[in-house]
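Under the heading active site, for OMPdecase activity, TrEMBL lists Asp66, Lys68, Asp71. Per TrEMBL, active site, proton donor is recorded for Lys68. The substrate binding site annotation in TrEMBL covers Asp17, Lys39, 66-75, Thr121, Arg182, Gln191, 211-212. According to TrEMBL, the domain 'Orotidine 5'-phosphate decarboxylase' annotation covers 11-227.
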Amino acid sequence: MTPAEIAPKDRLIVALDLPSVDAAEAMIAKLGDSVTFYKIGYQLAYAGGLPLIGKLADKGKKVFADLKMHDIGNTVTRGVESVAKLGATFLTVHAYPQTMKGAVEGRGKASLKILAVTVLTSYNDDDLHAAGYRLSVSELVEARAQQAQVLGVDGLVCSPEEVGALRKTVGHQMSLVTPGIRPAGSATGDQKRIMTPGRAIAAGADYLVVGRPVVEAADPRATADAIQAEIAAALG
Ligand SMILES: O=C(O)c1cc(=O)[nH]c(=O)n1[C@@H]1O[C@H](COP(=O)(O)O)[C@@H](O)[C@H]1O
């Protein structure tokens, strides 16, 4: 699917960062038909949330399995083979060459798309240096994007700040999925590389991942609707 073909509504991915399947199902009911795409990450997956992938897919929703895999190549390959049977649209792995290679092998011809997490949006240059890297965030994102493209990865997770440069590197063949989204006035929390929904879309992001600003809102549905409206306006 080319970026222009993604419906504005399908560009918002709500992160179900919630402590239980019951809490997630209550949030899904609250959001109703406002939200078509959900993300299941560590908190919900480790609380028994993986079967929700199939349940949501059966209801016509799309699911991003944010399992951020990283292990020896063979283990990643076998793990991805298992996830490919669950009905998810996207699966994350960390953007290390062996990991990405193993993930692409595990995906095979399945419909699951592999997203490589370039540099987490809670990191800045100082955090990377503290972790032992010599490159800046923008340099490491760029290097990993090039490696991901060569290895046949389907898309990248990056901050909206890198989207403009990455489009030039990978064109429209790879989906660019951006967390670090903060509607004007919402709390930043632990995110360091952030943008508003409208600016992220204008920068060229295909999908926006939003967690706390929606699931911790007093009215999650109204917040999701407002983000959808901002996305639609930015697309013009
Ligand atoms: O892979 C991700 O989705 C991810 C990558 C990244 O670099 N930064 C990031 O925040 N995320 C996820 O995106 C979501 C952002 O949540 P909020 O900060 O609450 O909007 C969380 O579920 C994170 O795990």
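The backbone N, Cα and C atoms fix where each Cβ goes, and this holds for glycine too.
Here the structure is a predicted model, which means the values were calculated and not measured.
Projection of TrEMBL feature records onto the structure.
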residue: Asp17; record: substrate binding site; contacts (Cβ under 8 Å, 6+ apart): Gly41, Gln43, Leu44, Gly211, Arg212, Val215
residue: Asp66; record: active site, for OMPdecase activity; contacts (Cβ under 8 Å, 6+ apart): Ala15, Lys39, Ile40, Gly41, Tyr42, Ala45, Phe90, Leu91, Thr92
residue: Leu67; record: substrate binding site; contacts (Cβ under 8 Å, 6+ apart): Gly41, Tyr42, Ala45, Gly79, Val83, Leu91, Thr92, Val93
residue: Lys68; record: active site, for OMPdecase activity; contacts (Cβ under 8 Å, 6+ apart): Gly41, Tyr42, Thr92, Val93, His94, Val117
residue: His70; record: substrate binding site; contacts (Cβ under 8 Å, 6+ apart): Val76, Val93, His94, Tyr96, Thr99
residue: Asp71; record: active site, for OMPdecase activity; contacts (Cβ under 8 Å, 6+ apart): Gly79, Thr99, Gly102
residue: Gly73; record: substrate binding site; contacts (Cβ under 8 Å, 6+ apart): Gln98, Thr99, Lys101, Gly102, Glu105
residue: Thr121; record: substrate binding site; contacts (Cβ under 8 Å, 6+ apart): Cys158, Ser159, Thr178, Pro179, Gly180, Gln191, Lys192, Arg193, Ile194
Go through the recorded positions Leu67, His70, Asp71, Gly73 and pull out the ones with a Cβ less than 6 angstroms from some atom of ligand 1.
none
Mapped DSSP class for Asp71 (active site, for OMPdecase activity), helix or strand or coil:
coil
